[in-house]
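K.L.:
Annotations for this protein, taken from TrEMBL, read as follows:
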{"type": "DOMAIN", "residues": "17-312", "note": "domain 'FAD/NAD(P)-binding'"}
{"type": "DISULFID", "residues": "21-26", "note": "disulfide bond"}
{"type": "BINDING", "residues": "30, 94, 296", "note": "FAD binding site"}
{"type": "BINDING", "residues": "159, 160, 161, 162, 163, 164, 165, 166, 254", "note": "NAD(+) binding site"}
{"type": "DOMAIN", "residues": "332-443", "note": "domain 'Pyridine nucleotide-disulphide oxidoreductase dimerisation'"}
{"type": "ACT_SITE", "residues": "434", "note": "active site, proton acceptor"}
């Protein structure tokens, strides 16, 4: 049986079966990212000889309706899959009441009791709010953005997470006035050199950044779709306060685990008091042997959809299919779908230095200029590639980083190579496909330690 219940967001948004990724995460995000990229492609097309006279404009409602229609088809597909596999789908909120027993409450408030031999907790996370005046009343989050029935207009994005930067990039790409308010660093946990490059590209392409500020109050000036909001913010470094007026305020300051209101204390499942995350062993088992957990709620694991899917699949095979394979959480590739995409696999430069010491590493890097950008007259020396190698393990690649178009597609292939133990020599022995962005990794020569210039002069 699957219990799946979406508690509506403070703005009243809820969705169908499939979880965050399908409904309010990767899927609508990537489709909106594509909408923004098409706007850039329209600009480029004139340089390639395409002539069109009339003013091109974007229709928010057309886009969101098409995206929501696609999501509805995915929701239906998930329901069908469950039915085909004879899994009962119950649209109710589950809470443990005693060992092996849960209470399920539907949207009408009706309660049903169920028992089971084993339980898997895969409740994921929901966006965090600031806890300031006006935040839940007037602000939206990624839970609301992708099905927002009106164009958000002038937008303040609060946060520097990948969610914040992806949303800011999309809205700017659709022609909106966007400001990002950042408390400290961009993309905490990611390679900081890459994070700063992502930020500076966004800044050069119309996103405004307010660094070292946090909001202290959101006030409604006008109702409407969108309305008008006044935001008061204070400096993180001193007494200075600023205020601004926006149509929409989007909070993207992190996510909290949905583990605190499901009766885990009633059956003794340990959770991290501070974060709500659940510690598990190497087979995703909690301290209560018949309760397992997968996905974003796990302590010390990656918060990525494909990781949760893999862990869940392998867990099911171990429990009921006689398999022994465990989920491998090492060298998991990921991509941040900012206007210029950032793909990575393995360690950030900071983490590599912490683990292996700087003198034991060699970092190879270069700028590159995608062929498609040359005729379009787009920035040379912006796209960037870097690998981090362990000198004392046959120059094994322990960190892979790329900032450029289609970074996700590029990273996915190299991630497979890293699983196989990729070394610098193996990259050098690989013949590139010309002209592509990915081929840059087969011709890396300049090390950071050499201090040599990496700017590109030709093709």
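In case you wondered, yes, glycine gets a Cβ from its N, Cα and C as well.
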K.L.:
Within 10 Å of the Cβ of residue 94 (FAD binding site), how many other Cβ atoms can be counted across all chains shown?
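P.N.:
Its Cβ shell of radius 10 Å holds 21 other Cβ atoms.
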K.L.:
Would you say which of the recorded positions 26, 163, 165 has the most Cβ atoms within 10 Å of its own Cβ?
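P.N.:
By the 10 Å Cβ neighbour count, 165 comes out on top.
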K.L.:
When the Cα of residue 21 (disulfide bond) is compared with the Cα of each of the recorded positions 94, 296, 434, which one is closest?
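P.N.:
Result: the closest of the recorded positions to residue 21 (disulfide bond) is 296.
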K.L.:
Max Cα distance spanning 159, 160, 161, 162, 163, 164, 165, 166, 254 (NAD(+) binders), Å?
P.N.:
13
K.L.:
Starting from the NAD(+) site formed by 159, 160, 161, 162, 163, 164, 165, 166, 254, give every other residue of that chain whose CB sits within 8 Å of the mean position of their CB atoms, in sequence order.
P.N.:
157, 167, 187, 252, 253
K.L.:
Based on Cα distances to residue 434 (active site, proton acceptor), point out the closest of the binding-site residues 30, 159, 165, 254.
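P.N.:
Spatially nearest to residue 434 (active site, proton acceptor) by Cα position is 30.
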K.L.:
Out of the recorded positions 26, 159, 163, 165, give me the one sitting nearest to residue 94 (FAD binding site) by CA distance.
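P.N.:
Going through 26, 159, 163, 165 one by one, the closest to residue 94 (FAD binding site) is 26.
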K.L.:
When the pLDDT values for the domain 'FAD/NAD(P)-binding' (17-312) are averaged, what is the result?
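P.N.:
Taking every residue of the domain 'FAD/NAD(P)-binding' (17-312) together, the mean pLDDT is 98.
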K.L.:
I need the CA-to-CA distance for residue 254 (NAD(+) binding site) versus residue 296 (FAD binding site), whole Å please.
P.N.:
12
K.L.:
Going by Cα-Cα distance, pick out whichever of the binding-site residues 159, 161, 165 is nearest to residue 30 (FAD binding site).
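P.N.:
Nearest listed residue in space: 165.
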